[in-house]
Each structure stands twice: as structure tokens, then as C-alpha cells.
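Written below as C-alpha cells is the structure these notes are about.
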Amino acid sequence: RIMRPDDANIAGNVHGGTILKMIEEAGAIISTRHCNSQAGEPCVAALARVERTDFLSPMYIGEVANVSAEITYTSRHSVEVQVNVMSENILTGAKKVTNKATLWYVPLSLKNVNKVLEVPPIQYARKEQEDEGKKRYEEQKLDRLETKQRNGDVILPVINPEPHTVGYSQSSLIHLVGPSDCTLLGFVHGGVTMKLMDEVAGIVAARHCKTNIVTASVDAINFHEKIKKGCVITVSGRMTFTSNKSMEIEVFVDADPFVDEPRERYRAVSAFFTYVSLSKEGKPLPIPQLLTETEDEKRRFEEGKGRYLQTKAKRQAQMQQAAQ
């Protein structure tokens, strides 16, 4: 579809959340279609996880986004979907790849939202494809478990924070989940949640830099629990790490059952977003150094630095392999 002004920021760059929402829609369509391809209980595929997603090239107002999806692995209860996004300038015909993403879905019964159904298997062209897919499945399963175990943090307000501190840029958004946000089963579309998360992360980044900012990448997004219609969700973001040219923002989503659900608030989704700052000409700008004040902030900064160095090393290794 064509990118319009309400899909972009004031500089004309399409929001990362808009692209993430389109990616999730494509993944939901193909996985739901596959899971209903054989006789059995009708179901809807629910998003469980999004692997690291890099924003390879910016997209602008007026360009056309082409999103394609392919199922690359199935386990007994989950589906791996690879999604590619390409932007097209319809005036010049120029095309470029902007995103590549991997998503995991589970099929939920239309009759019982808490019942996970079995996934029809796919045919692999080579045995190696199945083995590689199984390895990716085991890795994401382990990472999801580890992430869920460390998800107890909350963001508290800071009185009169200083510029460039964590408290100065931290932000929250409160949203009442309505019918238009939900699937046929009455829980929130993963793409809707990711779009809200990107909006909050973008506010944090803009507050810290006071410049035009764009999404550079998103670390694994883990969907720990479903969010039902009628919940009030709080999307919170805080700066965790800055390098010379990028900044990492932790975002999590907490849900408060609001209608007919006597349950305490719970952590539903968590992820790390990476942003870069751009000049009016679209050139990268240096990032103001994050000023850490508490021991927890210093610990999160070091953890973010570790993720940054690990990603940088992987990127350099990939570049070396491509050059050989």
C-alpha cells in the first residue's frame, strides 16, 4: 500500500511501527491460512515472538510498500514466517529492500482461546532446511523463557529530572483496547501492540536528542501473554544505552484487565528498540551520552553495551563473509 502522511513523522520518514504492523499483518494472514489448510478445528494464528528486525533503508511518504511472507518452518504447535518488505518509488520505479523479519505464531482455537492446536507440517526442499529451522525454534524457545523470567521491572516517575538522564526522556502511553484493535478471538493484534511500542520508543528517543529520529532495529519482541479486549494497557519506555550514533530503548507493555476480569496487572510484551538521530539532510548525528545515576541504570547500560557490541560483531562477520 502507498505510504501517507499519517504513516510518517514530521520529516517524512515512515514510522517503524507502521512497517512492523504491516509485517505482522502479512505473517498473521499466511500462518492463519496455513493452520486452517487441513480439516479440523478452525483457528486464528496469534503472534508469539518477533526476532531481531533491522530497518535496512528508510521509507518515505508517497512510496509503495510491498510486503511478502513465506512459511519456513513448522513445529507441532508453532509456525515460523519470514517476511520481506520492499519500498517502491512509483515515479522513478526504483525499488529497495527495507526490512527482513522472522515471526513465530501459534494457532488458537476459535472455540477456546486458551487451546493451542496442532500445526499442519510443511514440505521442505532439503533436509538441511528442516534441521536449520528446528535449531532456530529451540533457540527462540529458550530466549523467550529467559526473557519472561527477568520481566519484573517497572518505570517510576522522576521529579525534576536533568537533561540526558533516564528519567528525563522516559515515557508512557495508556490505551484502552477496543474491538478495532483485536482479532476474531478478542485479543490484540500483535501489529497494533508493536506500533504503540514504537511510538513510545520514538518519543523517548526524540526527548533525548531533540532531533529527527528513526527506528534502526528492534531486538526480539516477546509476547508473554495475550491482551484481551477491554484491557487498559500501559506502554512504557526508557533509555538503557547510547553509543556514538545509536540509542537503545527498553519498552514493555503491561495489561490491566478492566472489564469482567478480576486479575492483577501483568507483563504482556517486552522488547528493545534501537534508534538513530538524523540531520535535516538525513545524515546520522552524534547521540548525547546517557547520564546514568542509579546502580540499576548503570547495570542496564552495561547490559545494553553488551548487546550493542554483540550485534556489531555479528554485522562485521556477515560483511566479511559477503566479501569473500
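Yeah, the Cβs are placed from backbone N, Cα and C, and that goes for glycine too.
Please treat TrEMBL annotations as automatic predictions, because they have not gone through curation.
Taken from TrEMBL, the feature domain 'HotDog ACOT-type' applies to 1-111, 167-281. Annotation source TrEMBL lists active site at ASN9, ASP198. According to TrEMBL, the region 'Disordered' annotation covers 301-324.
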Residues that sit under 8 angstroms from ASP198 (active site) by C-beta distance, when 6+ apart in the chain: HIS15, GLY16, GLY17, LEU20, THR215, VAL218, PHE273
Which same-chain residues, if any, lie at least 6 apart from ASN9 (active site) yet have Cβ under 8 Å of it: HIS15, GLY202, ASN212, VAL214
For the domain 'HotDog ACOT-type' (167-281), the number of residues DSSP places in helix, strand and coil: 26 helix, 54 strand, 35 coil
Number of helical, extended and coil residues in the region 'Disordered' (301-324), per DSSP: 23 helix, 0 strand, 1 coil
For the domain 'HotDog ACOT-type' (167-281), the mean pLDDT of the predicted model: 93
